[in-house]
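Under the heading transmembrane segment, TrEMBL lists 24-43, 55-73. Feature annotation from TrEMBL assigns UDP-alpha-D-glucose binding site to Lys110, Glu111, Asp140.
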Amino acid sequence: MEKSVPLHVYHVNKTSIIISRAHAFLHSIALLFLIHYRLSFFFQHPKNTTIPTLPWLLIFVSELLLSLAWLFTQSYCWRPVTRTVFPERLPADDKLPAIDVFICTADPNKEPSVEVMNTVISAMALDYPPEKLHVYVSDDAGSDATLRCTKEAWNFARYWVPFCRKYDLVTACPDVYFSSSEVDSGNFEGSEFKAARTKMEVI
């Protein structure tokens, strides 16, 4: 059986591992001393304490929460790696699997429909075989505004998606693309591209 070529490789930086683990070890020791110091306060004789118990307890709880948050962040610092991807090794379009993109929204007041539709159009313009890319919008609120915007987005996407694919645009989000002053085109910067871009702005 022929061995497939990997699409990415990762490199382990041993120096970063040593530094990260040494820092985690020293930080853990400091936290243990701090917790021991806070706990020893509660076992002192009441006559020897001059600090109110409630503020001390609140500080101790906050430090425990921050220590727990720090502990959770150590999972990706324990063994840091860097990855190198090889998009040129991807199989041909006819061998790629079909993918489904689900975009969920719940409240058009908190999630403006225009921003949601920008996400929908960006997903439709992904660099993937169109016949194998399916985009779904899940509107939990069942808003009429979202439905109308979806119809308008579909009409705009009929022009926007071919425009992105023809000129190899890196930025597929219409709002970001038109608000940027830089020309984001991989292939064309001539009069044809400028005319097409102007046409897209008035659609």
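Going from the start of the chain as shown, residues are counted 1 onward.
Glycine is treated like the rest: Cβ placed from N, Cα and C.
Structure coloured by features recorded in TrEMBL.
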residue	record	Cβ within 10 Å
Lys110	UDP-alpha-D-glucose binding site	8
Glu111	UDP-alpha-D-glucose binding site	17
Asp140	UDP-alpha-D-glucose binding site	10
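Within its own chain, the transmembrane segment (24-43) has Cβ neighbours under 8 Å at 49, 51, 53, 56, 59-60, 63-64, 67, 70, 74, 77-78, counting only residues six or more beyond its boundaries. Note: the UDP-alpha-D-glucose site is recorded as Lys110, Glu111, Asp140; in the same chain, Thr105, Ala106, Asp107, Pro108, Asn109, Ala141 also have Cβ atoms within 8 Å of that site's Cβ centroid. Across Lys110, Glu111, Asp140, which the record gives as binding UDP-alpha-D-glucose, the greatest C-alpha separation is 13 Å.
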